[in-house]
Structure formats: C-alpha cells, structure tokens
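**Student:** Quick one: structure below, then a few questions.
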Amino acid sequence: MKIYQLIIHSVTVVTDSSIFEADIAVEEGKIVELTEVGILDAKAKTMINGSGLHLFPGVIDVHLHFNEPGRTAWEGFETGSASLAAGGVTTFFDMPLNSNPPTINRVEYDKKNELAKQKSIVDYRLWGGLVPNNLDDLQDLDEAGVIGFKAFMSASGTDDFVFSEDDTLLNGMKKIAELDGILAVHAESNKMVNELSQKALEEGRTSVRDYSEARPIESELEAVERILRFAEQTGCRIHICHVSSRKVIKRILQAKRAGIDVTVETCPHYLYFSLDEFEKIGELAKCAPPLRPRDEVDELWQALKAGEIDLVSSDHSPSLPELKKGETIFDVWGGISGCQSTLNVLLTEGYHKRNLALTDMVRLLSVQPAKRFKLYPEKGTIQIGADADFVLVDLNEEFTLKTEDLKYRHSISPYVGEKFKGKVKYTISRGVVVYDDKSDVSNR
Ligand SMILES: [Zn+2]
C-alpha cells in the first residue's frame, strides 16, 4: 500500500468556485490525490481526520513587515511566521521596510533572503524598495526574485526608507514596466498630510480623532489619482496598498474599467475597527491611513461583498512596545500588529455576520493574491499538483483572543480581548503541519 507524506480524510474543501467533501493525499509537499471521501486506498506518515472541519487554501498575506534584519527587537521571521501559521497563513510577502537597512539593493535582498530561509516556517517572498536614487538597483532586485517593488508617496514611519516624489515614481515605473514588474504604493498625499498634521499640532488638536482627520480620505484620493495617471503614462502595473475607504476604491474601479492594470487591497483593521474603537483603544490601533468612521467601515464591507476589492492583507507593522506610547497619538508608532487575526476577522465579521461567501473569502485571501503576483496555480488553490498549503478551520468554534495566544515578538495587538467565531485547527505548509491547535502551548 502506498505511504504518503500526509492524508486528510473527510474534510470539506473550499475553493473560490466550489465546496465539496474530499480525501486529500500529499507527497513531497504537493497535492497528489483529491478524491471522494472513502475511496483513497493509502496510508500516510501524518493522518488528519478532517470531519467537521473546512479546508481552505492557505492564506497569502501580500503585505507585512517582519523588520528583519536590523529591527528584530520589533519582530522577526521566526516569531512572525509562527504568528502567521497560527492564523492560517502559509505564504507572506515581506515589505522592504522596516528592516534596516531596507531592501533596496541586491546585497540587502540576499541578506534578508538568507535570514528568512533559515527562520521562516512558512513560504515567503520579498518586496524590493523603490526609493530616490536606486533606479539602477531595480533590475538586480528583479533578477534576485523580488515579488514586486514598493514605494511610499508620503513619509514612511522610519527615516531609512525615503518616500518618492513624482520624478522618482515616474522613472521607477518606466523601469519596472520594462521589467514587467509591479509597483505597490502607500498612497497618501505627503503635502496634505504634512500640512494638516502641522496645523493640528500648532492648534493643540492632538486627539485620536484629530489624528484621523489630519490624514483624510482626500489625501488617499489625491495620491491615488496621481499614481493612476503615472500608471497610464508608463504602462506600469500597480497595486494600491491598504485603502481605507470605498470612495478610493470607486476611483480605482473606474481606472480598471478604463484599462489601467491596477489592483487594490484593504486590511482587516479597516474592516473590524472604526474611529470609535480607535478612540477607545488608542495607541495600539494607530495606523496610516488611519481608522475611519463607522459608515466608512460599513461601506468597505459593501465594496468587499460586491467584488470591488481584489484582496485583503494584514499590513502587520509591529514595533517595540515603548514606541506605541507617546505624549499624544501623533508621537506613537503608526502600525498595527494583526497578521495572526486576518482569517478570524473575515470569518467572524464577514462569513458569520455579513454573509460573505466562503468561496469569496478564498478569492480574497488566496486566489487573487496568488494570481496577481503570478504564484497561481502553484499557490492559492486546491487541485492536484498545487502546493499542499492548507488551513483547516472549525467554523463554529468561538474564542476570545488572549495575550498568550499571540505569537508575535511582543504580545500586543488591538484584537486582544475580541471575540471571534471560527478557529484555526491546523495550518499546513507544503504538507508539513506548522500549526496544530491541540498541541498549541497557549491552550494548556
Ligand atoms: Zn505596510
């Protein structure tokens, strides 16, 4: 009898187009059999009884910051990837900042790649940075294997990753188009954000609401308008990061219809928390663009359900705990620790509360990320020949997220204390169990 690496029996498989019962066999990290329940005549070194559980393609998180090398006191590939495994994520793309030095040339790429290879328990790819004066490095980075390039249109949180003025963007985009690459942008207007923040500080308006209003939706719209124009001029494929409002998404949709090759992501925190919660939670919920009023959150769900948003990714951006404190909200680190909770947010707030179809969830978390970044169908789907990257979920198990559940280097997150429905039971990366809820130390 055939002995496989892994067999999962009697599980409910969810893809972006169908839901069905199956037995799955895995060999050398790939799906080799996908059959009706009960007809698989084989054994395996690891056998999992999947009855009562739903199996999704592993989540692909295209946007996060693990800060290694250089700021490993903030996070790191080991703790970061363990958090992802606990949250059902099997592939991540690490941003070129806030590691230090940032990933803006081949030397830094190779250093980071080596560290990630040694330490990550799930698959990964690395972003390269587009910054002033690294035009000549873009080709090297592309050849090294970056998943894409990232630029900031407004000042980033760290001064070692410089934001791009229009000339840097335009020249970079011409080059990236030649390389058939993709540019991801943090789209906020630097001018608008600076002026409004300056004014707020001068007038002593330093509340959480003042911070949110100093980075208005209009500043996202202004930057998006500009980058869409540049995309049209250069033919560069673009991806707009962490959009906080449907107003911005509507503009991007228009551009898509006009033939511009653009995709858009939002993040779980824009779907879960509103400005009201930001006011209650404070520092831990600070990010940029900031959390928005409740009606914007509701609109964002409408957009998600209507298929207007391409994908959801975490923008996990941790820091030292002391950087999450300051005299006012303007002084604290802008970044949310949340990459362990993406799937929980979509299951709880999407599937359970708002009837988001499970197939749509798979499209947003796995299929579209894989397709947009050319990893499909190796990643992002359940079919013979695909990588055996799975997350098995008990859809109805409820839990409250505790500090000790968090695998981050620093157990802080605005999601602590939140009630979720739908629990990750196993996460499997290329046929290897990287998270097992039963043996998880935090459950003891
Ligand atoms: Zn980010």
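Numbers run from 1 along the shown chain.
Backbone N, Cα and C define each Cβ position, glycine as well.
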**Student:** In TrEMBL, the Zn(2+) 2 site includes Lys150, His242. Which of His186, His316 does it also list there?
**Tutor:** His186
**Student:** Record says His63, His65, Lys150 bind Zn(2+) 1. Source is TrEMBL. Which of Asp310, Asp315, Asp331, Asp360 does it list for that same site?
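**Tutor:** The one candidate that TrEMBL places in that Zn(2+) 1 site: Asp315.
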**Student:** In terms of Cα spacing, which of the binding-site residues His63, His65, Lys150, Asp315 are within 10 angstroms of His186 (Zn(2+) 2 binding site)?
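**Tutor:** The binding-site residues passing the 10 Å Cα test are Lys150.
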**Student:** Distance check, please: Cα of Lys150 (Zn(2+) 1 binding site) against Cα of His242 (Zn(2+) 2 binding site), rounded to an integer number of angstrom.
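**Tutor:** Between the alpha carbons of Lys150 (Zn(2+) 1 binding site) and His242 (Zn(2+) 2 binding site) there are 13 Å.
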**Student:** Near His242 (Zn(2+) 2 binding site), which residues of its chain come within a Cβ-Cβ distance under 8 Å, counting only those 6 or more away in sequence?
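**Tutor:** Result: His63, His186, Glu265, Thr266, Cys267, Tyr270, Cys287, Pro289, Asp315.
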**Student:** Looking at the domain 'Amidohydrolase-related' (55-434) alone, can you tell me the average pLDDT?
**Tutor:** 98
**Student:** So which other residues, same chain and not among Lys150, His186, His242, have a Cβ within 8 Å of the centroid of the Cβ atoms at the Zn(2+) 2 site?
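**Tutor:** These residues sit around the Zn(2+) 2 site: His63, Met95, Phe152, Ala184, Val185, Ala187, Cys241, Asp315.
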**Student:** To test your reading of the Zn(2+) 1 site: which residues beyond His63, His65, Lys150, Asp315, same chain only, put their Cβ within 8 Å of the Cβ centroid of those residues?
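**Tutor:** Result: Leu64, Phe93, Met95, Trp127, Ala184, Cys241, His242, Ser313, His316, Ser317.
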**Student:** Using a 10 Å radius around its CB, how many other CB atoms surround His65 (Zn(2+) 1 binding site)?
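**Tutor:** So the Cβ neighbour count for His65 (Zn(2+) 1 binding site) comes to 27.
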